[in-house]
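According to TrEMBL, the features are:
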type     : residues  : note
TRANSMEM : A:21-39   : transmembrane segment
TRANSMEM : A:76-96   : transmembrane segment
TRANSMEM : A:105-123 : transmembrane segment
TRANSMEM : A:129-148 : transmembrane segment
TRANSMEM : A:160-179 : transmembrane segment
TRANSMEM : A:249-275 : transmembrane segment
TRANSMEM : A:287-308 : transmembrane segment
TRANSMEM : A:320-337 : transmembrane segment
Amino acid sequence: MSAAIVAQHVRRTSLAQRYPGILMGSLGVLAVVLSFYSLSVGATDVSMTDVFNAVIGNTGDQAAQIVVQFQLPRVLLAWLVGIALGVSGAVMQGVIRNPLAAPDVVGVTKGAGFAGMLLLLAIPGMPVVAVVPAAFAGGLAAAALVYLLAYRRGATPVRIALVGIAVSAAFEAGIRFLLVRNPLDVSAALIWLTGSLFGRSMSSVLEILPWVLVLVPLIVVWSRRLDVLGLGDDLAAGLGEPVERTRRLLLLFAVALAAAAVAVSGTIGFVGLIAPHMARRVFGGKHVASIPAAALFGVLLMIFADMLGRGLAPPLEIPAGLVTAVVGGPYFLYLLVKTGK
Amino acid sequence: MSHSATKVRRAVAVLALTVTAAVLAGCGAASSPSTGAAPNADRAAAAEGVSPDVNLDQCGKPARTVKHDLGTTTISGSPAKVVALEYSFVDALVAVGMSPVGVADDGQPERIIPALRDKVGEYKSVGLRATPNIQVITALKPDLIVADSGRHKAIYAQLSKIAPTIAFASLNGNYQQVLDSEMSTAIALDKCDEMKTRLTEHAKVMADLKAKAPADESRTALFVRASDKGFTGFPAKAYTPGVLEVIGIRSPLPDDSGEASVSLTLETLVATKPDVMFIAPNEGPTLRDTWAKSPLWREIPAVKNNTTFDVDPNEWSRSRGLIAAEVVAQEAVELLYGK
């Protein structure tokens, strides 16, 4: 690495760390602007004027109004799912002290996916709303199972990660089995599984909203404790932190957030992994800044993915989960190469 | 932490895994998506071939209450702009001389079979059948939406806000359900008489085709979809075998499993011993190409007798309609008994 790049790198991080408020604020503004813009993106012509009219409740062109009414829950959901996944990933990476940690790693995603699929496929005639609590419970149960299996006088980060991968694989096998058993019903279930904001309404927004409203502020308040945990178990215990209890609680919060996100939107990969990475790169390792930043990056990723999915090949809809995978995969590889140097 | 506490935890974890496994094994036996009505309908009903569940008494009323799989919906007037979210419903519209303004055609208009295509004319694609674009549907300002009761269950409430929406089993529908849904759709469209006439004609077409088959036809015919990943067989109660049964050709797959379709391996296919095979292959290489190289493949009676036919998946599998049924039956008779 040349000296110039080092200097640039140092200047950039220090700038972001000196004025985190300004940078965070501009990220927030960017997310809001992108949200409004995304309301006008899609298969039909909806002008920005229509969007503003519809949002403030003016009766303009009626079709455009209805369109915005259907898009609005999607955009709100993109915010909530982005926040939930970003924060959940940031906490998991902090607690497990593994930059590869994400809701996918501790089994939440696959557990929720399996429970949702079980309900969708094995019990026909089940009301669709029942998927949400089932997936949520499945996510929590899978994470609990991982924790139990990993527990040996405390659950070390490495054990959690390894057991998480094994349990995820087992649930993945279960999902495959269900898919093979029910070939005819697969298409609808697969769309839920890929992760998409297609056809979501205000009720989905209300289902995830309480989790985000309660858990995210709680996690931000606790961000100092995350910093302490990051010093390593021995040092953290030496500083008077009840390591195992704090870890357990923080993991529970993160898991609940991720499970709520998967329950309403299906399994959207990479957001929980990449948003915290971006946040740490820009805002550094202090959790009090990196957690809200991870939330904002999560929102940006989700809005972008949903917008791209709607706007790329209308009237066909590309599931947001597919877009995040396509965008997230290469970024993740870039990260691996970069950290490998 | 004491040793026994660890043991307890381990026991709990093992228990949880066992329960999961048991649930998995259980659902193998329990999952039985029922495909509804018996294939033999009451022939005395006012509309030929339609089961008594269809509320024909609503015919001709200015405001008609239509029973469908996701509830009842009242439609007033004569809907002119209709959005069809499955090919079956395009079939129903064409059967009464109408055409849709919007079709969920998977972005592949060629999937609308030739028998319908000319009559359908210009329409707007509303995207994939699995995820139809709500924005485009709204912009079309339809008077009626016809949806699939399985695929579109989750967005039914949203569709209903755009226009009165009726939903029927198309994807998982059998032949009887298809006839019923065509009649119910016609009631919603205020085209009862047209559909009754068409159903009578349909019954005659099918009877004529059946007459072309020898009365003592004892061969069984298996209908399968072949893709690069799987070979899916359809038992007697599924749509296509249901159509073939009307012209006297039975399915070799037992009907007691209750499954809407069966995933076949080469071994189970050989054990099924079909005398005839109608194969609807997906584009590109399929499993069949691999299996055809195996000596086991030549053990299948249909292969030995040289009665294996490739058929168009759009006509034989995706369309699932009244007109499509005539196309399927016609082709089956031609392939098996010549013209």
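Glycine residues also receive a Cβ, built from the backbone N, Cα and C atoms like all the rest.
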*Per the 3+ Cβ pairs under 8 Å rule, pairs at least 6 apart in sequence, do the transmembrane segment (A:76-96) and the transmembrane segment (A:129-148) touch?*
no
*Hey, does the transmembrane segment (A:320-337) touch the transmembrane segment (A:129-148), meaning at least 3 C-beta pairs closer than 8 angstroms, sequence gap 6 or more?*
no
*Where, among A:21-39, A:249-275, A:287-308, A:320-337, do we find the most CB pairs under 8 A to the transmembrane segment (A:105-123)?*
A:249-275
_Under 8 angstroms for C-beta pairs, at least 3 of them, ignoring pairs fewer than 6 apart in sequence. Is the transmembrane segment (A:249-275) in contact with the transmembrane segment (A:287-308) by that rule?_
yes
*asked:* For the transmembrane segment (A:287-308), I need the partner stretch with the highest count of C-beta pairs below 8 angstroms, choosing only from A:21-39, A:160-179, A:320-337.
replied: A:21-39
